[in-house]
Amino acid sequence: FALAHMVNDFDILKSYLDEGANGVETDITFSDEGEPEYAFHGVPCDCKRWCRRTVGFNEYLQHVRDLSTPGNPKFREHFIAIVLDLKLNGLSQEALAHGGMRLADKLIAYYWAHGRNATRITFIVSVPKTSEKVFLKTFLEEIKAVGYDDMLSKVAFDFTDNGDFSETQKVFEGLGIHEHIWASDGITNCIPMLFRGTSRLEDLIRQRDVPGYKYISKVYAWTYDKETSVVKALELGVDGVMTNYADFVIGIINKPEHSSKYRLATYQDNPFEKFVKSA
(Lines of atoms letter the chains of each structure in order from A and count residues from 1; the text may use other names and numbers.)
(Lines give C-alpha, C1' and ligand atoms only; values in the text may rest on other atoms or scores of the structure.)
Protein backbone atom coordinates (compact mmCIF):
# COMPACT_ATOMS: atom_id res chain seq x y z
CA PHE A 1 0.00 0.00 0.00
CA ALA A 2 1.28 3.44 -1.02
CA LEU A 3 -0.59 5.60 1.49
CA ALA A 4 -0.64 9.32 0.76
CA HIS A 5 -0.30 11.34 3.94
CA MET A 6 -2.51 14.16 5.25
CA VAL A 7 -5.13 14.17 2.49
CA ASN A 8 -7.61 16.72 3.81
CA ASP A 9 -9.30 18.31 0.82
CA PHE A 10 -10.49 17.25 -2.62
CA ASP A 11 -7.71 18.92 -4.60
CA ILE A 12 -4.91 17.11 -2.79
CA LEU A 13 -6.91 13.87 -2.92
CA LYS A 14 -7.14 14.16 -6.71
CA SER A 15 -3.44 14.96 -6.92
CA TYR A 16 -2.41 11.90 -4.93
CA LEU A 17 -4.78 9.57 -6.77
CA ASP A 18 -3.37 10.91 -10.04
CA GLU A 19 0.08 9.98 -8.74
CA GLY A 20 -1.16 6.40 -8.27
CA ALA A 21 -1.66 6.16 -4.51
CA ASN A 22 -3.94 3.23 -3.68
CA GLY A 23 -4.72 4.59 -0.24
CA VAL A 24 -4.75 7.85 1.69
CA GLU A 25 -4.56 9.03 5.27
CA THR A 26 -7.07 11.67 6.33
CA ASP A 27 -7.11 13.54 9.65
CA ILE A 28 -10.52 13.77 11.33
CA THR A 29 -11.18 16.46 13.94
CA PHE A 30 -13.93 16.37 16.55
CA SER A 31 -15.95 18.89 18.53
CA ASP A 32 -15.49 19.01 22.30
CA GLU A 33 -18.56 16.79 22.55
CA GLY A 34 -17.04 14.17 20.24
CA GLU A 35 -18.84 14.95 16.99
CA PRO A 36 -16.71 14.16 13.88
CA GLU A 37 -16.60 17.45 11.99
CA TYR A 38 -13.78 18.04 9.52
CA ALA A 39 -10.92 16.55 7.60
CA PHE A 40 -8.22 18.83 8.98
CA HIS A 41 -4.75 18.66 10.52
CA GLY A 42 -3.66 22.17 11.40
CA VAL A 43 -0.25 23.34 12.58
CA PRO A 44 2.27 21.96 13.21
CA CYS A 45 2.36 19.24 10.57
CA ASP A 46 4.93 17.48 8.39
CA CYS A 47 7.78 19.44 6.88
CA LYS A 48 7.16 20.94 3.42
CA ARG A 49 3.37 20.52 3.70
CA TRP A 50 0.48 22.99 3.88
CA CYS A 51 -1.23 22.22 7.20
CA ARG A 52 -4.60 23.94 6.79
CA ARG A 53 -6.36 22.06 4.00
CA THR A 54 -9.86 21.11 5.10
CA VAL A 55 -13.27 19.84 4.07
CA GLY A 56 -16.37 18.82 6.02
CA PHE A 57 -16.32 15.16 7.05
CA ASN A 58 -19.78 14.41 5.66
CA GLU A 59 -18.81 15.86 2.28
CA TYR A 60 -15.55 13.95 2.38
CA LEU A 61 -17.32 10.62 2.86
CA GLN A 62 -19.78 11.35 0.05
CA HIS A 63 -16.92 12.24 -2.28
CA VAL A 64 -14.82 9.16 -1.54
CA ARG A 65 -17.97 7.05 -1.95
CA ASP A 66 -18.25 8.37 -5.50
CA LEU A 67 -14.55 7.71 -6.13
CA SER A 68 -14.76 4.13 -4.87
CA THR A 69 -18.04 2.94 -6.40
CA PRO A 70 -17.75 1.08 -9.74
CA GLY A 71 -20.02 2.64 -12.34
CA ASN A 72 -19.79 6.12 -10.88
CA PRO A 73 -18.28 8.59 -13.39
CA LYS A 74 -15.70 9.58 -10.75
CA PHE A 75 -14.64 5.99 -9.99
CA ARG A 76 -10.92 5.39 -9.34
CA GLU A 77 -10.20 1.67 -9.65
CA HIS A 78 -6.96 1.68 -7.68
CA PHE A 79 -8.35 3.60 -4.66
CA ILE A 80 -8.95 0.96 -1.98
CA ALA A 81 -7.92 2.17 1.50
CA ILE A 82 -8.36 5.14 3.84
CA VAL A 83 -6.59 5.55 7.16
CA LEU A 84 -8.82 7.70 9.36
CA ASP A 85 -6.33 9.44 11.66
CA LEU A 86 -8.63 10.44 14.50
CA LYS A 87 -7.64 13.61 16.35
CA LEU A 88 -8.96 12.72 19.80
CA ASN A 89 -6.52 14.51 22.10
CA GLY A 90 -8.22 16.42 24.88
CA LEU A 91 -11.59 14.68 24.60
CA SER A 92 -13.21 13.40 27.79
CA GLN A 93 -14.14 9.74 28.10
CA GLU A 94 -17.77 10.73 27.53
CA ALA A 95 -16.85 12.60 24.36
CA LEU A 96 -14.73 9.68 23.16
CA ALA A 97 -17.70 7.35 23.66
CA HIS A 98 -19.95 9.71 21.73
CA GLY A 99 -17.32 10.06 19.00
CA GLY A 100 -17.07 6.33 18.37
CA MET A 101 -20.83 6.04 18.01
CA ARG A 102 -21.02 9.05 15.70
CA LEU A 103 -18.17 7.91 13.48
CA ALA A 104 -20.07 4.67 12.93
CA ASP A 105 -23.26 6.62 12.19
CA LYS A 106 -21.53 8.82 9.64
CA LEU A 107 -19.81 5.95 7.83
CA ILE A 108 -23.20 4.30 7.52
CA ALA A 109 -25.14 7.41 6.49
CA TYR A 110 -22.63 8.93 4.07
CA TYR A 111 -20.62 5.99 2.78
CA TRP A 112 -22.23 2.57 3.17
CA ALA A 113 -25.98 3.28 3.11
CA HIS A 114 -26.08 4.05 -0.62
CA GLY A 115 -24.46 0.80 -1.71
CA ARG A 116 -22.93 -1.13 1.15
CA ASN A 117 -21.84 -3.98 -1.09
CA ALA A 118 -20.71 -1.86 -4.03
CA THR A 119 -18.17 0.45 -2.41
CA ARG A 120 -14.54 -0.62 -2.26
CA ILE A 121 -12.77 1.24 0.54
CA THR A 122 -11.28 -0.51 3.54
CA PHE A 123 -11.24 1.99 6.42
CA ILE A 124 -8.43 1.79 8.96
CA VAL A 125 -9.82 3.35 12.14
CA SER A 126 -6.71 4.80 13.73
CA VAL A 127 -6.90 5.83 17.39
CA PRO A 128 -3.97 7.75 18.90
CA LYS A 129 -3.74 6.11 22.34
CA THR A 130 -4.90 2.90 24.00
CA SER A 131 -6.33 5.06 26.82
CA GLU A 132 -8.92 6.18 24.24
CA LYS A 133 -10.15 2.61 23.70
CA VAL A 134 -13.75 3.48 24.60
CA PHE A 135 -13.95 5.13 21.17
CA LEU A 136 -13.54 1.75 19.48
CA LYS A 137 -15.91 0.11 21.97
CA THR A 138 -18.82 2.38 21.09
CA PHE A 139 -17.90 2.36 17.40
CA LEU A 140 -18.29 -1.41 17.31
CA GLU A 141 -21.42 -1.40 19.45
CA GLU A 142 -23.15 1.13 17.20
CA ILE A 143 -22.35 -0.64 13.94
CA LYS A 144 -23.72 -3.89 15.35
CA ALA A 145 -26.76 -2.23 16.92
CA VAL A 146 -27.96 -0.76 13.63
CA GLY A 147 -27.40 -3.94 11.64
CA TYR A 148 -24.26 -3.02 9.73
CA ASP A 149 -21.93 -5.52 11.37
CA ASP A 150 -21.33 -7.13 7.96
CA MET A 151 -19.45 -3.97 7.00
CA LEU A 152 -16.82 -4.70 9.64
CA SER A 153 -15.34 -6.86 6.90
CA LYS A 154 -14.21 -3.51 5.43
CA VAL A 155 -12.76 -2.08 8.66
CA ALA A 156 -9.33 -2.38 10.26
CA PHE A 157 -8.08 -1.03 13.58
CA ASP A 158 -4.88 0.64 14.74
CA PHE A 159 -3.41 2.44 17.76
CA THR A 160 -0.69 4.87 16.71
CA ASP A 161 1.02 5.60 20.04
CA ASN A 162 4.09 3.51 19.14
CA GLY A 163 3.65 1.62 22.40
CA ASP A 164 4.56 -1.89 23.51
CA PHE A 165 2.41 -4.04 21.24
CA SER A 166 2.02 -6.77 23.87
CA GLU A 167 0.08 -4.20 25.90
CA THR A 168 -1.81 -3.04 22.80
CA GLN A 169 -2.83 -6.64 22.16
CA LYS A 170 -4.38 -6.82 25.63
CA VAL A 171 -6.48 -3.76 24.80
CA PHE A 172 -7.66 -5.33 21.55
CA GLU A 173 -8.52 -8.53 23.41
CA GLY A 174 -10.56 -6.55 25.93
CA LEU A 175 -12.47 -4.94 23.08
CA GLY A 176 -13.17 -8.29 21.45
CA ILE A 177 -11.04 -7.37 18.43
CA HIS A 178 -9.06 -10.43 17.38
CA GLU A 179 -8.39 -9.71 13.71
CA HIS A 180 -8.28 -6.93 11.11
CA ILE A 181 -5.48 -5.13 12.95
CA TRP A 182 -3.08 -2.89 11.02
CA ALA A 183 -0.11 -2.14 13.25
CA SER A 184 1.95 0.95 12.54
CA ASP A 185 5.22 2.55 13.53
CA GLY A 186 6.50 5.98 12.70
CA ILE A 187 7.17 9.62 13.33
CA THR A 188 6.92 12.92 11.46
CA ASN A 189 9.04 13.27 8.34
CA CYS A 190 10.81 16.18 10.04
CA ILE A 191 12.80 13.64 12.09
CA PRO A 192 15.06 11.33 10.02
CA MET A 193 14.55 7.57 10.41
CA LEU A 194 18.23 7.44 11.42
CA PHE A 195 17.35 9.05 14.75
CA ARG A 196 14.25 6.97 15.43
CA GLY A 197 15.58 3.64 14.20
CA THR A 198 13.58 0.64 13.04
CA SER A 199 13.72 -1.70 16.04
CA ARG A 200 10.02 -1.37 16.89
CA LEU A 201 9.03 -1.70 13.23
CA GLU A 202 11.11 -4.87 13.01
CA ASP A 203 9.47 -6.22 16.17
CA LEU A 204 6.00 -5.67 14.68
CA ILE A 205 6.96 -7.47 11.48
CA ARG A 206 8.42 -10.41 13.40
CA GLN A 207 5.25 -10.64 15.50
CA ARG A 208 3.06 -10.46 12.37
CA ASP A 209 4.97 -13.37 10.88
CA VAL A 210 4.61 -15.73 13.86
CA PRO A 211 2.61 -18.74 12.56
CA GLY A 212 -0.97 -18.63 13.81
CA TYR A 213 -0.65 -15.14 15.30
CA LYS A 214 -3.80 -13.16 14.50
CA TYR A 215 -3.42 -9.77 16.19
CA ILE A 216 -1.44 -8.17 13.35
CA SER A 217 -2.68 -8.52 9.77
CA LYS A 218 -0.62 -5.73 8.22
CA VAL A 219 2.27 -3.48 9.24
CA TYR A 220 2.77 -0.01 7.80
CA ALA A 221 5.43 2.64 8.39
CA TRP A 222 5.00 6.43 8.50
CA THR A 223 5.96 9.01 7.30
CA TYR A 224 8.73 7.98 4.86
CA ASP A 225 9.84 10.46 2.19
CA LYS A 226 13.47 9.48 1.57
CA GLU A 227 14.57 6.66 -0.72
CA THR A 228 16.82 5.11 1.93
CA SER A 229 13.89 4.93 4.35
CA VAL A 230 11.47 3.47 1.81
CA VAL A 231 13.99 0.86 0.63
CA LYS A 232 14.76 -0.10 4.23
CA ALA A 233 11.05 -0.52 4.97
CA LEU A 234 10.58 -2.72 1.90
CA GLU A 235 13.58 -4.82 2.83
CA LEU A 236 12.14 -5.35 6.30
CA GLY A 237 8.84 -6.54 4.80
CA VAL A 238 6.27 -3.83 5.49
CA ASP A 239 2.82 -4.03 3.94
CA GLY A 240 2.49 -0.29 3.47
CA VAL A 241 4.39 2.98 3.43
CA MET A 242 2.75 6.28 4.32
CA THR A 243 4.38 9.16 2.49
CA ASN A 244 4.05 12.74 1.33
CA TYR A 245 5.30 11.67 -2.12
CA ALA A 246 3.21 8.77 -3.38
CA ASP A 247 4.61 8.80 -6.91
CA PHE A 248 8.13 8.66 -5.47
CA VAL A 249 7.34 5.57 -3.38
CA ILE A 250 5.58 3.88 -6.30
CA GLY A 251 8.61 4.59 -8.46
CA ILE A 252 10.83 2.81 -5.95
CA ILE A 253 8.48 -0.19 -5.82
CA ASN A 254 8.57 -0.39 -9.61
CA LYS A 255 12.35 -0.48 -9.83
CA PRO A 256 13.65 -3.85 -11.11
CA GLU A 257 15.34 -4.68 -7.81
CA HIS A 258 12.00 -4.37 -5.99
CA SER A 259 9.30 -5.15 -8.57
CA SER A 260 10.08 -8.87 -8.51
CA LYS A 261 9.08 -8.95 -4.84
CA TYR A 262 6.53 -6.14 -4.48
CA ARG A 263 3.61 -4.59 -6.31
CA LEU A 264 0.83 -2.21 -5.36
CA ALA A 265 -2.16 -3.88 -3.74
CA THR A 266 -5.41 -3.96 -5.72
CA TYR A 267 -9.05 -4.51 -4.79
CA GLN A 268 -8.60 -8.21 -5.53
CA ASP A 269 -6.06 -8.48 -2.70
CA ASN A 270 -7.29 -9.25 0.81
CA PRO A 271 -6.33 -6.30 3.07
CA PHE A 272 -6.14 -8.67 6.03
CA GLU A 273 -4.17 -11.51 4.49
CA LYS A 274 -0.62 -12.00 5.71
CA PHE A 275 2.20 -12.04 3.21
CA VAL A 276 4.95 -13.43 5.35
CA LYS A 277 8.48 -12.41 4.47
CA SER A 278 10.46 -15.41 3.28
CA ALA A 279 13.75 -16.22 4.94
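Quick reminder: no glycine exception, Cβ is built from N, Cα and C everywhere.
In Swiss-Prot, the Mg(2+) site is described by Glu25, Asp27, and among Asp85, Asp105, Asp149 the residue recorded at this site is Asp85.
Excluding Glu25, Asp27, Asp85, which define the Mg(2+) site, the same chain contributes His5, Met6, Val7, Asn8, Thr26, Ile28, His41, Val83, Leu84, Leu86, Ser126 within 8 Å (Cβ to the Cβ centroid), listed in sequence order.
With respect to Cβ neighbours within 10 Å, the disulfide-bonded residues Cys47, Cys51 differ, and Cys47 shows the lowest count.
Using a 10 Å Cα-Cα cut-off from Glu25 (Mg(2+) binding site), the recorded positions that qualify among His5, Cys47, Cys51 are His5. Each of the active-site residues His5, His41 was scored by how many other Cβ atoms lie within 10 Å of its Cβ, and the smallest score goes to His41. In this structure, the C-alpha atom of Asp27 (Mg(2+) binding site) lies 6 angstrom from that of His41 (active site, nucleophile).
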